[in-house]
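Chemist: The structure is given below, and queries will be raised subsequently.
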Amino acid sequence: MSIEADSQLVEDYCDYLMLQRRLSRATVAVYSQEIGFFLAYLRASSLDVETVPVLEIEKYLSHSRQDRDLSARTLARNLSSLRSFFIFLQIGKIRKDNPVLHLGSPKIGTRFPAVATVSEVDRLLDSIDSSNNLGYRDRTLFELIYSCGLRVSEACDLSVGDYAIRSLRVLGKRNKMRLVPVGEIAQDYVNCYLADIRPALVKGNLSEKALFVGRNGHKLTRQAVFKRFEMYCDAIGLVAKVHTLRHSFATHLLEGGADLRSVQELLGHSDIKTTQIYTHVHTDDLKKAYDTFHGNPKEETE
C-alpha cells in the first residue's frame with residue numbers, strides 16, 4: 001500500500017473506533033499511532049495488511065520491543081490495537097482472517113500507581129505563579145483535576161456548561177457521564193477563572209465552548225497540559241506526571257475514610273477491581289508508617 005492509502009486506512013480505522021466501539025479520543029489516538037508504526041513497518045518490508053502472516057507480525061512485535069524499548073504493558077496494549085485493527089479489516093472485507101487473534105500477550109507485573117503526598121500536592125500547586133493569565137489557568141486546571149480526580153483528557157474535554165459551582169459533569173471513557181463534587185478551593189479558582197481569566201484568553205472568540213483554553217483562545221490540548229505540568233514539577237524537583245493528581249485524589253480519599261464504592265463512582269471506573277488497586281497503595285503506606293514507628297516485628301527477638 002502507498003502512504004496515502006495507509007493514511008486513509010488509519011483514518012477509517014479511527015472512525016470505526018470512535019463510532020462503532022465508542023472509544024475515547026485518547027485511546028483512539030494511541031491505537032492509531034501504533035497502527036501507523038505497523039503499516040510503516042509493512043511498507044519497509046514490502047508487505048501488506050491483506051496477506052501479512054502471523055510470523056511477520058510476531059517479528060514486528062519483537063522489533064518494537066527491542067528497537068523502541070517498549071515495556072510489557074505497552075506491548076500488550078499494542079497487541080490489543082492490532083487485534084482491533086484486524087477485526088476492522090475483517091468487517092471491511094479487506095482481510096478474511098485475524099492473524100493476531102490467538103497471539104498471547106506478554107506477562108505484565110502488578111504496577112501500583114504513583115501517588116504524591118498531600119504536602120507534595122500542596123507544594124506543587126502553591127508553586128504555580130498565578131499572577132498572570134496562563135499561570136492562573138494552570139493553577140485552576142490542576143486544582144480541578146486533583147479536586148475531582150479527573151483524567152487529563154476529561155479535563156481538556158470539559159465545556160463551560162459542564163461546571164455548575166459545586167459540581168462538575170464529566171464525560172469519561174466510553175462516553176460514560178458522571179457528576180462529581182468540586183471542592184471549595186477549586187470552586188474559588190474556577191469561579192475567578194471564568195469571570196476574569198478565560199474571557200481574556202478567548203479574546204472574544206464566543207464560539208469556543210471549552211472550559212480550558214490556550215493563549216490562542218482555543219481548546220487546551222493534552223500535550224500542552226503535559227508540558228506545563230512537567231515544567232512545574234521540574235521547578236520544584238518533584239517526580240510526577242499529571243495522572244499522579246488523579247491517583248493521589250483516590251488514595252487521599254481512602255486515607256480519609258471514604259468507602260471504595262464511592263471512590264469508584266467518583267473516578268468513573270466501570271469495574272471496582274480497577275479501583276481496588278488504590279487500597280494496596282493505601283495499605284503499603286500504612287505498613288511503612290507502622291514499620292517506621294514500631295519496627296519490623298520479624299526482626300524482634302523472643
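The backbone N, Cα and C atoms fix where each Cβ goes, and this holds for glycine too.
Just so you know, TrEMBL annotations are computer predictions that nobody has curated.
Got these off TrEMBL a minute ago, pasting:
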| type | residues | note |
| --- | --- | --- |
| DOMAIN | 4-90 | domain 'Core-binding (CB)' |
| DOMAIN | 111-291 | domain 'Tyr recombinase' |
| ACT_SITE | Arg151 | active site |
| ACT_SITE | Lys173 | active site |
| ACT_SITE | His243 | active site |
| ACT_SITE | Arg246 | active site |
| ACT_SITE | His269 | active site |
| ACT_SITE | Tyr278 | active site, O-(3'-phospho-DNA)-tyrosine intermediate |
Chemist: Within 10 Å of Arg246 (active site), Cα to Cα, which of the active-site residues Arg151, Lys173, His269, Tyr278 are there?
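Modeler: Of Arg151, Lys173, His269, Tyr278, within range: Arg151.
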Chemist: So if I measure Cβ to Cβ from Lys173 (active site) and keep only same-chain residues at least 6 apart in sequence, which ones fall under 8 Å?
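Modeler: Counting only residues 6 or more apart in sequence, the Cβ neighbours of Lys173 (active site) under 8 Å are Leu23, Ser24, Thr27, Arg151, Gly268, Ser270.
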Chemist: Looking at the active-site residues Arg151, His243, Arg246, His269, which one has the fewest other Cβ atoms within 10 Å of its own Cβ?
Modeler: His243
Chemist: How many whole Å apart are the CA atoms of Tyr278 (active site, O-(3'-phospho-DNA)-tyrosine intermediate) and His243 (active site)?
Modeler: 14
Chemist: Would you count the other CB atoms within 10 A of the CB of Tyr278 (active site, O-(3'-phospho-DNA)-tyrosine intermediate), including those on all shown protein chains?
Modeler: 26
Chemist: Can you see whether DSSP assigns Arg151 (active site) to helix, strand or coil?
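Modeler: Looking at the DSSP assignment, Arg151 (active site) belongs to neither helix nor strand, so coil.
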Chemist: On the 0 to 100 scale, where does the mean pLDDT of the domain 'Core-binding (CB)' (4-90) fall?
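Modeler: So the average pLDDT across the domain 'Core-binding (CB)' (4-90) works out to 86.
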